[in-house]
Amino acid sequence: MNMKKATIAATAGIAVTAFAAPTIASASTVVVEAGDTLWGIAQDKGTTVDALKKANNLTSDKIVPGQKLQITEVASEKTEKSVTATWLNVRSGAGVDNSIVTSLKGGTKVTVESTEANGWYKISYGEGKTGYVNGKYLGTTVTSAPAPEVKEETTTQAQAAPAAETKPEVKQSTPATVLPKAETKTETPAVDTTASTYTVKSGDTIWALSSKYGTSVQNIMSWNNLSSSSIYVGQVLAVKQEAAKTASPKAEVKTEAPTAEKQVSAPVVKENTQTTTAKKEVTPQKQTNTQAPAQAAKPAPAPAPTVNTNASSYTVKSGDTLSKIATTFGTTVSKIKALNGLNSDNLQVGQVLKVKGTVPTANTNSNSNATAPTTNTNNNTSNTSTSTPSKNTNTNSNASQGSSSTASASSLIAEAQKHLGKAYSWGGNGPTTFDCSGFTKYVFAKSGVTLPRTSGAQYASSTKISESQAKPGDLVFFDYGNGIAHVGIYVGNGQMINAQDNGVKYDNIHGSGWGQFLVGFGRV
């Protein structure tokens, strides 16, 4: 009898073991079911897509029903970062196709919860709110341990003791509620809006500085002799007019030396004597930047020869005028305006101008030729063969098409330049704020060309061309990993005008944050 019981007990034990085994296996693996995604499984199991792919040697996000996936734990350590852009959009998902939840100001600290496959971060901010941001706009990584330390200080001093090495002063300043304020204010007091100069910090832009100091982008570029809106960390900028002026008397006093007089005889000074008082503010800085190196080393006169008078194009710099450029290249103001389709003498720093070429001449000749064949045709109706006038007619129509195409590109870029410095907003259609495709659609519409609303649709509807074929007025497209997500207007020389997070501005299509995402060009 006892033997029978032992046999039954052993059999029961085997049965229990047989049913228990799958339960243990399911603790570290999961079987994919219809409708499952890596992202959904990661959320359900408290891990990340990257961790799942690494654990299972997956090269893509594709999974199939019945597939077994190994589940691994994710390191619990999180990182704290700060926003480096002026404003950073927080979205409901990892990519620009998701809706904007809110926008965080530059310098705001966030906690990185996880990293997505496309370079986006899931973050937490404020009072436990979460969202997704583009990782390239976050910087200054620190371990996120300080957050719990602040709360522990309010409960027990014994627990807060380890923080004494890094924050002894904070502990002595009693209430823990002071800590967030102290951290927030450490960045703002650094900006003294009454100061006349400012040292550039990470995340700064000329547009943001102009807002802080109550001036314009153009003024800051002018006072600092900047040829583009690019600035670098540590650069000292004049943000008040007096800062630009204080440097000029020193340079003028020392230009009385015979060496300086040779430089003064250049066309630049002739231009300055003829310009209005408003432009005189720009000219002294140009002298300041040119002369200052001369005191340190004699090779300073190098800036003058940098203008290649044999070049066919010229990039506008601070203090330039059409008259000055025409004198430098031995041409006339009217010819430069005709070459570039300009209706006024207004120029923008960074604008690329044609200074040589045959477009105006070709237009003049084509018009005079158009008259000549007409006269000949009328006078020689019976004696001249009809083939000659028809040839002339075709030649003239082709010439007019070429000139109208050039004028169209020039007017399109001129329209784009009108909006430099305007703010970015997702879904912005203009004219006060834009997003990238809203900007291109608006500018092209002003030239009579209708574009689709999104960057992806604009890419699909354009004729694809290589970079060597690209001309000013063509579209340039970028892909951040989930398809076409950004578009700008190409202006030549590797530059584009586009609406991005920092507003409407010039950018180098091969520069940092752009070159690696460049897809190509399109013509409409």
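Backbone N, Cα and C define each Cβ position, glycine as well.
Here the structure is a predicted model, which means the values were calculated and not measured.
Quick look at what Swiss-Prot lists:
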SIGNAL    1-27  signal peptide
DOMAIN    28-71  domain 'LysM 1'
REGION    145-190  region 'Disordered'
COMPBIAS  155-165  compositional bias 'Low complexity'
DOMAIN    196-239  domain 'LysM 2'
REGION    247-314  region 'Disordered'
COMPBIAS  284-311  compositional bias 'Low complexity'
DOMAIN    312-355  domain 'LysM 3'
REGION    360-410  region 'Disordered'
DOMAIN    406-524  domain 'NlpC/P60'
ACT_SITE  Cys436  active site, nucleophile
ACT_SITE  Asn498  active site
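Between the alpha carbons (Cα) of Cys436 (active site, nucleophile) and the residue listed as 'active site' lies a span of roughly 6 Å. For the domain 'LysM 1' (28-71), same-chain residues at least 6 beyond its ends with a Cβ under 8 Å from one of its own Cβ atoms are 114-117.
Helix, strand and coil content of the domain 'NlpC/P60' (406-524), in residues and according to DSSP, is 33 helix, 40 strand, 46 coil. Residue counts for the domain 'LysM 2' (196-239) under DSSP (helix as H, G, I; strand as E, B; rest coil) come to 14 helix, 6 strand, 24 coil. Secondary structure of the domain 'LysM 3' (312-355) per DSSP (helix as H, G, I; strand as E, B; remaining residues coil): 15 helix, 6 strand, 23 coil.
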